[in-house]
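Colleague: Below are the C-alpha cells for one structure; questions will follow.
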Amino acid sequence: MTDRFQTRNILAARVMGIAGLIPFYTFALLAWHDALRGGALTAVVSYAAVILSFLGAVHWGRALARLESRNHIGTLAFGVVPALLGWVALLLPVEFSLPMLTAGLVFVWGTEQMMFFDVLPSWYRHLRHLLTAGSVLALMIAWAAAMMPMF
C-alpha cells in the first residue's frame with residue numbers, strides 16, 4: 001500500500017512542479033509584447049519570488065518533521081534565505097531583480113546539491129534539476145525582454 005501512495009505522490013509532485021513552469025514561461029513570453037511588458041515582468045518577478053520562498057519552506061518542512069532527532073538550526077536558517085532574497089528582489093527595478101532571482105534559484109539548487117544531497121530523495125533532486133533549469137531559462141528570457149527597450 002505504501003508503494004502505491006509513494007508512486008502517486010511522486011507523480012503528483014512531478015506534474016505540479018512541471019505545471020509550475022507555466023507561469024514562468026507565460027509571463028516571460030508576454031514580456032516581449034510592448035504593451036504587456038510592464039505587467040508581465042511584474043508578474044514573473046513576483047512569481048519567482050514566491051517560488052524562492054517555497055523552496056526555502058521545503059527545508060523548514062524537513063527540519064520541522066525531525067526536530068527531536070538532531071540540531072536543525074542550520075537547515076532552518078538556510079530555509080529563510082530564499083524568502084529574504086525574493087523579498088529584496090521585489091524592491092529592486094526589474095533589470096536587477098530578474099538576475100537576482102535567477103542567482104537565487106541557482107544558489108538554492110547548488111546548496112541543496114552540496115549540503116543536502118544525502119537527505120533529499122533522488123526523485124526530488126532530479127525534479128529540482130529540471131525545474132531549476134526551466135525556471136532559470138524563463139527568467140533569462142524575461143530579462144532579455146526587459147533589457148530590449150534599452151538597446
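The backbone N, Cα and C atoms fix where each Cβ goes, glycine too.
Annotations for this protein, taken from TrEMBL, read as follows:
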- 12-32: transmembrane segment (TRANSMEM)
- 38-61: transmembrane segment (TRANSMEM)
- 98-117: transmembrane segment (TRANSMEM)
- 129-148: transmembrane segment (TRANSMEM)
Colleague: State, in range form, which of 38-61, 98-117, 129-148 has the highest count of Cβ pairs under 8 Å to the transmembrane segment (12-32).
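Modeller: Result: 129-148.
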Colleague: Near the transmembrane segment (98-117), which same-chain residues lie under 8 Å Cβ to Cβ, leaving out any that are not at least 6 residues past its ends?
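Modeller: Here the qualifying positions are 41, 44-45, 48-49, 51-52, 55-56, 59, 75, 78, 81-82, 85-86, 88-89, 92, 125, 128-129, 132, 135-136, 139-140, 142-143, 146.
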